[in-house]
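J.: After the structure tokens below, expect a handful of questions from me.
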Amino acid sequence: MPNIVVVGTQWGDEGKGKIVDLLTEQARVVVRYQGGNNAGHTLVVGGEKFIFHLIPSGILHPGTMCCLGNGVVLDPAVFLGEIDRLQSRGVKVGPENLRVSERTQVIMPYHQRLDLARERAKGAGKIGTTGRGIGPCYEDKVARRGIRVADLVDPQLLKAKLTEVLPEKNFLLEKLLGDKPFTFEEIFAPYEKFGQRLKPLMANVSIILHEAAKHGKNILFEGAQGTHLDIDHGTYPFVTSSNPVAGGAATGCGIGPKALHRVLGIVKAYTTRVGGGPFPTECLDSIGDHMVEVGQEFGSTTGRRRRCGWLDLVVLQESARLNGLTGLAITKLDVLSTLDPVRICVAYEVDGQRRDSMPPTLAELERCRPVFEDLPGWQEDISGVRRVQDLPANTRTYLKRLEELAGVPIQVVSVGPDREETIVVQNPFA
Ligand code: IMP
């Protein structure tokens with residue numbers, strides 16, 4: 001069976017959680033390769049609601065090994081809290097089904113305080129981060145002063161690293177950003193305890209994946225955020241600080257690119273974005289309100305109202321190229337029911353010129369005007385449909401046009417939030 005990378009093709013919140021949950025039934029190992037608790041998804045299983053920020057939802061499937069790769073940034077309090085909540089609800093969690101890489105970077109309390117203080121200092125020009133300390137943690141990784149899980153579990157190492165790094169953080173907090181400094185003890189004491197709890201879960205995730213692949217066990221690589229929030233390829237600087245693109249799976253968990261057999265791109269049937277940054281197809285009218293209300297577009301991590309707009313094929317074509325997409329999963333198609341016409345942005349117009357790719361600078365991106373193709377809408381409730389051929393003719397036309405423009409086959413269509421409200425056109429694992 002092949003390995004699959006699941007990536008968001010837009011600006012995150014495409015509904016990856018539901019598709020990953022669906023595919024996990026067929027996967028033996030599920031691994032996250034980037035991001036941290038800036039991500040989040042809610043799953044309803046057997047009438048019970050579970051919210052995950054770090055642990056792959058595969059943890060609910062007995063016999064599935066869940067891993068966090070070296071490319072992830074881990075807030076230990078959040079991670080251990082998720083474990084506690086799962087255990088209190090009778091879900092078995094331990095080294096037999098959950099492992100974290102010894103090389104994973106740890107989000108420290110000063111990362112979060114710096115994140116919030118920097119956003120405050122930026123005022124109107126803020127990125128709109130989730131305030132979880134993600135950016136400052138990745139900064140320390142690249143600056144070679146980060147604390148990794150292997151350091152956290154060793155009190156002597158933790159002490160040495162914290163002693164080295166804390167004066168600089170306190171200087172920034174106090175002198176540059178006018179915030180409160182930390183004492184050594186207020187961090188060391190709780191983080192040493194976190195380290196001891198994490199110790200049994202620490203592993204070389206690269207070896208686990210390598211062994212799984214050797215024995216023909218298939219692996220699901222779970223991306224967080226989305227392609228256009230990628231630090232290299234997204235709408236910089238309104239991006240996150242990691243590489244959600246499929247290539248990030250190789251560096252983010254220590255496996256060669258040959259093991260990334262297929263790449264499934266998750267595409268919401270319209271577009272959403274949280275936080276600041278350019279958004280050419282944004283609808284600031286009653287259509288945007290319809291998408292927010294019917295699609296329940298509020299963040300599962302921060303509760304923020306998401307910005308909404310029409311599907312953008314410039315964005316999707318770029319994602320197909322950057323990720324090497326082999327299949328698409330279309331989510332929330334039901335939300336478009338009753339809208340007429342249904343619009344697809346097929347190109348941009350910038351300063352009177354047509355453009356088929358995203359410009360690199362913010363100034364140009366902000367001047368991009370969408371060129372729309374209008375398709376007839378449909379009035380029917382499609383949430384009960386389980387086969388493509390049973391969808392209304394106009395819905396099929398919309399999907400066909402989307403597939404044609406993207407140049408990638410549609411494999412899954414989601415028509416409602418429940419697990420059963422799904423049309424599998426072609427099993428991505430087949
Ligand atoms: P950060 O990842 O918290 O640094 O936030 C940087 C940008 O990425 C902000 O615009 C966030 O709103 C956005 N972002 C981060 N994580 C997610 C996510 O899971 N879904 C959607 N947007 C996200």
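Note: Cβ is positioned from N, Cα and C throughout, glycine not excepted.
Automatic, uncurated: that is what TrEMBL annotation is.
Quick paste from TrEMBL:
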type     : residues                                                             : note
ACT_SITE : D13                                                                  : active site, proton acceptor
ACT_SITE : H41                                                                  : active site, proton donor
ACT_SITE : K141                                                                 : active site
BINDING  : 12-18, 40-42, R306, 332-334, 414-416                                 : GTP binding site
BINDING  : D13, E14, G15, K16, N38, A39, G40, H41, T130, R144, Q225, T240, R304 : IMP binding site
BINDING  : D13, G40                                                             : Mg(2+) binding site
BINDING  : S300, T301, T302, G303, R304, R305, R306                             : substrate binding site
J.: In angstrom units, rounded to an integer, how far apart are the Cα atoms of N38 (IMP binding site) and K18 (GTP binding site)?
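T.: Approximately 18 Å lies between the Cα of N38 (IMP binding site) and that of K18 (GTP binding site).
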J.: Report the same-chain neighbours of the residue listed as 'active site': residues 6+ apart in sequence with Cβ closer than 8 Å to its Cβ, ordered by sequence.
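T.: Listed in sequence order, they are V73, Q105.
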J.: Could you tell me the C-alpha distance between L333 (GTP binding site) and T302 (substrate binding site) in angstrom, no decimals?
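T.: That separation, Cα to Cα, works out to 24 Å.
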J.: Cα-Cα, whole number of Å: G15 (GTP binding site) versus the residue listed as 'active site, proton donor'?
T.: 8
J.: What three-state class does DSSP give H41 (active site, proton donor)?
T.: strand
J.: Measuring Cα to Cα, how many angstrom lie between Q225 (IMP binding site) and G12 (GTP binding site)?
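T.: The separation of the Cα atoms works out to 4 Å.
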J.: Per DSSP, to which secondary structure element type does K141 (active site) belong, with helix, strand and coil as the options?
T.: helix
J.: When the Cβ positions of the recorded positions G12, H41, Q225 are compared with the atoms of ligand 1, which fall under 6 Å?
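T.: Only G12, Q225 meet the Cβ criterion.
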J.: Have a look at the recorded positions D13, K18, S300, V415 and say which one has the shortest Cα distance to G40 (IMP binding site).
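T.: So, spelling it out, the nearest of the recorded positions is S300.
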J.: Given the recorded positions K18, H41, T301, T302, which lie close to T130 (IMP binding site), meaning Cα to Cα within 10 A?
T.: T301, T302
J.: Three states by DSSP: which one describes R306 (substrate binding site)?
T.: coil
J.: Could you give the Cα-Cα distance between S300 (substrate binding site) and H41 (active site, proton donor), in whole Å?
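T.: Between the Cα atoms of S300 (substrate binding site) and H41 (active site, proton donor), the distance comes to 6 Å.
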